[in-house]
Amino acid sequence: MRVFRLNMMLIALWAIIASGLFAVFSQPSHAHEGQQHFVVGRDGPINDIALNQFLERLTTDREITIPADLVNIPSGEFEPVYGRPGPGYTSRAVWLRAPFTVESRFDNPGSSAFIEMGAAYLNDIALTIISQETGNVVWEDRVGDRIPQLPGRMANLKHVSLWPDLDFGHYWLIIRVVTTSSHVFEAELQTEKTFIAETGSESYRNGSYLGILIVAFGLYLTFGLLSRDPPVIWYSVYIFALFLLNFSTTGYAQLLLKGVWLLASDFITGTGTALLIGSSCIMWAYIVRLDKHNPILFRIMIGIAALLIMGMLTSVTDYYIYFARIFFIPQVCLFFVLLGYLIVQGYRDNGILMYVFYLVALGVPTIAASIHLLTLIGVAPINAFTANIYKASSTIHLGMVAIAMAVRLYRLAHKRADAYQSSQRATQLAGEQRTFITMLSHEFRTPLAIIQRSAEILGLHMRKEDETIKSRLVTIRRNAGQLSALVDAFLTKDTLDSATFSTSREHVAIDQFLTDLVARRSHEVQEQNVSLIGADFAIVDIDRILLERAIINLIENARKYARGAPVWIASTRSANGYVYIRVVDEGPGIPADELGKVQNAFYRGKDSSVTQGVGLGLHITSRIIEAHNGTMSVSVGEHGGTTILLKLPYNQEATILGNSQQKMSIPGHVRPTPGKRNEP
């Protein structure tokens with residue numbers, strides 16, 4: 001089965017490579033070799049003429065000052081436009097020429113003709129017709145996305161000039177192209193009938209495609225944000241970038257926005273290109289789960305993709321030329337790295353169908369994009385195949401990835417539904433468990449109270465009995481007390497976990513509260529040394545019963561795990577609006593690897609076998625402090641000992657008022673009892 005998977009992956013790869021080789025090394029068309037010039041009538045052609053088959057490009061660095069200079073240059077310094085690599089991204093002007101003849105037999109009186117030129121993102125296209133007999137300029141025009149629209153000039157998706165009426169004779173058509181984008185030039189001399197028909201149909205096709213893209217962008221962006229799924233979000237960004245690029249290359253940007261901003265077409269072209277190649281890298285890195293399988297490679301790809309996207313900043317400057325030269329080839333290599341990763345991952349995993357689908361969905365557009373980029377930078381030849389492969393493959397890519405995203409969203413929806421059902425079931429079970437524990441705890445309380453009370457009464461009546469009987473009574477009372485404390489802990493946790501839990505707060509002077517608590521604890525548990533070494537005055541809004549339970553838990557925890565070690569408590573008031581209560585013991589301390597776990601419910605340390613409890617003390621304290629909008633932290637000193645720091649907000653206005661009353665008090669004045677609200 002492993003060999004079969006490998007063979008399937010290799011077959012798919014070879015199919016992709018074969019299509020790329022066919023595109024790059026296919027023989028260019030020689031349609032123009034038999035006829036070196038085109039022929040028209042005085043009003044233009046009787047049939048459409050693809051001018052690229054007759055145009056030739058100047059390949060040397062001659063300095064051309066006027067179009068007429070181009071006429072006398074030897075043909076050896078020119079190359080055909082069609083079927084040859086273009087000049088790519090260059091800041092210099094590109095000069096083209098084509099000879100033609102005006103003959104009477106091609107006359108079509110009363111008709112008009114138009115020369116339609118692209119790509120729509122070309123900045124400046126200067127057209128000149130020169131008579132071969134006289135050397136005089138007989139017609140000039142200038143179009144481009146950076147050339148202002150003159151009043152009365154025909155506006156179209158592509159750059160259009162009205163073909164002039166010419167006398168019979170021989171002429172040169174001279175074209176100069178300047179652009180910061182790629183020099184991919186196409187020109188066609190169209191009859192009036194073709195021009196009108198194609199303008200309408202092309203506008204309908206391009207408009208429909210752009211409408212589909214913008215709707216798909218909105219849908220997938222919404223789905224991605226709702227599902228919080230990065231591949232879907234980046235797929236929506238990819239669709240938006242594809243919309244921007246097509247909005248520019250189809251001519252809508254220069255048609256609709258040139259009157260507002262001359263650089264609009266360049267900005268949208270550069271932004272769309274940079275965003276398209278960058279977002280596609282990020283999208284595929286997420287789709288193939290590169291972030292899970294190879295985080296280092298994932299971060300590298302994200303970094304390169306970010307640089308590619310930042311290329312949009314150069315879109316309206318000459319620096320865009322250098323951006324394209326520097327980054328387009330590495331971007332092609334990046335996609336081939338993803339292809340190789342897909343092959344390796346498909347060989348390792350069992351999801352052969354999924355990886356073959358991804359390989360085709362990524363491989364076909366990668367080969368097409370590579371050919372397209374190689375065409376743009378002047379490496380691959382310009383022909384019908386290379387001119388149209390990218391748009392066709394983008395449609396395939398868009399459709400296949402849309403299928404993948406639909407399947408992904410379907411699975412995510414089912415996972416969320418399953419997770420919701422599981423969550424509901426878990427919530428129900430947790431509620432039933434809490435109800436059972438509460439009921440059981442309440443059922444235990446009465447028998448335990450009876451056992452404790454009976455043991456105390458028996459102890460009073462059996463003072464004269466021997467020590468063995470007294471010892472057993474003490475054991476009964478101690479174990480009943482431990483079990484009662486355990487029941488109280490469970491009930492407290494259940495109360496804190498309840499959805500209806502709320503605190504019953506009141507103004508309390510924290511210094512007096514801690515003084516009373518330590519005194520009461522020292523009286524009840526005389527064998528433990530607990531002392532209050534300092535407490536600043538502050539009024540805090542607390543639930544007395546809960547906060548007392550929280551601090552008693554800390555003291556009791558120290559008694560269990562630091563037997564015989566003294567415990568001291570201190571409270572300081574800070575200007576940041578918080579009171580800091582420290583509970584410190586001088587025991588052995590908590591191991592460093594357990595510090596992050598001790599606040600978890602039911603967690604017990606490595607030495608728990610020698611102590612009693614269920615691991616709820618610190619957890620309950622933490623929950624109580626959180627309910628008071630505070631925090632709790634645990635730390636260990638260099639030489640042992642555990643410090644637990646409670647951070648609680650205090651009431652600043654009440655504290656300031658209380659301090660003022662203390663300072664203004666006179667002999668015989670009775671200070672308000674801490675903990676009682678001041679009556680108005």
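Even glycines carry a Cβ here, placed using N, Cα and C.
As recorded in TrEMBL:
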type: SIGNAL; residues: 1-31; note: signal peptide
type: TRANSMEM; residues: 207-226; note: transmembrane segment
type: TRANSMEM; residues: 233-255; note: transmembrane segment
type: TRANSMEM; residues: 267-287; note: transmembrane segment
type: TRANSMEM; residues: 296-313; note: transmembrane segment
type: TRANSMEM; residues: 319-344; note: transmembrane segment
type: TRANSMEM; residues: 356-377; note: transmembrane segment
type: TRANSMEM; residues: 389-410; note: transmembrane segment
type: DOMAIN; residues: 439-652; note: domain 'Histidine kinase'
type: REGION; residues: 659-680; note: region 'Disordered'
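Ranking 207-226, 233-255, 267-287, 319-344, 389-410 by CB pairs under 8 A with the transmembrane segment (296-313) puts 267-287 at the top. Residues 23, 216, 220, 223, 227, 229, 231-232, 235, 238-239, 242, 283, 287, 357-358, 360-362, 364-365, 367-369, 371-372 of the same chain lie 6 or more positions beyond the ends of the transmembrane segment (389-410) yet place their CB under 8 Å from a CB of it.
For the transmembrane segment (319-344), the residues of the chain that approach it from at least six positions outside its boundaries are 9-10, 13, 16, 88-91, 180-182, 266, 270, 274, 277, 280-281, 284-285, 288, 290, 294, 297, 301, 304, 307-308, 311, 355, 358-359, 362-363, 366, 369-370, 373-374, 376-377, judged by C-beta separation under 8 angstroms. Along the domain 'Histidine kinase' (439-652), the predicted structure has mean pLDDT 79.
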